[in-house]
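Engineer: Below you'll find the structure I mean.
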Amino acid sequence: MPVDINRLTDGWLELESDPGLFTLLLEDFGVKGVQVEEIYDLQKTIEGPVFGFIFLFRWIEERRARRKIVETTTEMYVKDEEAVNSIFFAHQVVPNSCATHALLSVLLNCSDIDLGTTLSRLKVHTKGMCPDNKGWAIGNTPELACAHNSHAMPQARRRMDRNSGVSTGRFTGEAFHFVSFCPINGHLFELDGLKPFPMDHGPWGEKEDWTDKFRRVMSDRLGISTDRRIAITHKLKMLRTNQTIVSAALEKLLKSKQLESRSQAEIRETVDKIKKEEQESTVKLSSEYSQLLEMHEKDEPAVAMSKELESLVSLNSSSDSVEIIGETEIKKENPPPSPPPAFIGAGTFSPKDLLSLLKNLESEINITEQHLCDENEKRAMFKVDDCRRTHNYDEFICTFLSMLAYQGELGDLVTQHLVTSRKPSLGGVQNSGSRGVVRNYNKKSTTNGSSPKTPSSKRRRGRTKYRKRK
């Protein structure tokens, strides 16, 4: 059928979210053996093979702007150009075409579907293209545009005509938006034409189907979780408790190190004292033995010598006993220090390790406190937005306009606004919609070279005569 190619990119109409409509649209595309079913429960078992899921949600541009920062930090985009071009991922460059984009994202990434002539040609033609070119290829395919618009409601056509003067683009979105989820090369991919890259949610388990992976992803995204402030507060409490424990352990370890150094110094002093006493006793014994040798040289009687030896032996034994007793007394007076108490367990930590652990805890506490502050601010913004949304501004607007009218400024403001919107541009060109009207102000010359009198001068003269008559 003949189609105006120049009007394809600005003539796509918005479609309703209806499984029957999508199934008929697939038939118009030429696809065989595939239908679309609506799912109300993710946990419900789906019969037959599933080629993909299409997720529908209400599109709000402000919500998308708020999600930009979060998405860039949490979502795993596939940014490799070769990997992106190897799959069918197209940017939505044509407004109101997200329904067709969602269907094509599922169909053209499956190898065991009878695509028909149109989609098979499109798949071959766009192989290896970048996402932007694939988006333009979809928008400039007459069969797709005609099939898409044939299922639109008449209200959609009237809305399109009403908004014909409004600039539409990739980011001035529809009321609803469609996102596709499909398995590609063993990974679950999320394909959204309004995002810069496809999103890889990773592989699924060996003993599960890819639909189970999809259910987990959607449950995490749509599930209602507990208040984050409670979890963050609990985490902050645990971190502060651990900080107190580590600080006490570090202080205890430093004290034990000091006691150990003191005990070692006392032991050294005791050992030195004992050695000194042993040296003194050795000097005393050597002097006594020298006296015995002198007596032996003088050939003293054996009896006297034996007595001296007995006395020496008794003296020696007494000195030994004195040394033993003295050493015992010293040990009693200075008992060895008790071993330092064991710290934490068998594997002890050094003060350096504990100090590093303490710094990490302090850093984690600061981060958690910031998260708690952010959650509190977000909750406060929820309340502010709710107040703005539920507040009735009609009374304020009526009062404001009434005060302007009472002061005589409302009419002037309205007139000024209308004059500004209708003010002609330089060169005599006045905008009238999208058309330009050029007014000719050339003066007509007379035979004597004088210019004709303007109407304004006549009016002024007439007023002057009228004043003179009075």
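Quick reminder: no glycine exception, Cβ is built from N, Cα and C everywhere.
Pasting the feature list from Swiss-Prot:
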| type | residues | note |
| --- | --- | --- |
| ACT_SITE | H177 | active site, proton donor |
| COILED | 260-280 | coiled coil |
| COMPBIAS | 423-434 | compositional bias 'Polar residues' |
| COMPBIAS | 456-470 | compositional bias 'Basic residues' |
| DOMAIN | 392-420 | domain 'ULD' |
| SITE | D192 | site 'Important for enzyme activity' |
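Tell me what's around each of these sites.
Structural biologist: Following the DSSP three-state reduction, the secondary structure of H177 (active site, proton donor) is strand.
Within the chain carrying the domain 'ULD' (392-420), a Cβ under 8 angstroms from the stretch's Cβ atoms is held by none of the residues 6 or more beyond its ends.
Over all protein chains present, the Cβ of D192 (site 'Important for enzyme activity') has 22 other Cβ atoms lying within 10 Å.
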Engineer: Please list the DSSP helix, strand and coil residue counts for the domain 'ULD' (392-420).
Structural biologist: 24 helix, 0 strand, 5 coil
Engineer: How far is it from D192 (site 'Important for enzyme activity') to H177 (active site, proton donor), counting Cα to Cα, in Å?
Structural biologist: 9
Engineer: How many neighbouring Cβ atoms, not counting its own, are there within 10 Å of the Cβ of H177 (active site, proton donor)?
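Structural biologist: Counting Cβ neighbours of H177 (active site, proton donor) within 10 Å gives 21.
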Engineer: Please classify the secondary structure at D192 (site 'Important for enzyme activity') using three-state DSSP.
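Structural biologist: Its secondary structure by DSSP: coil.
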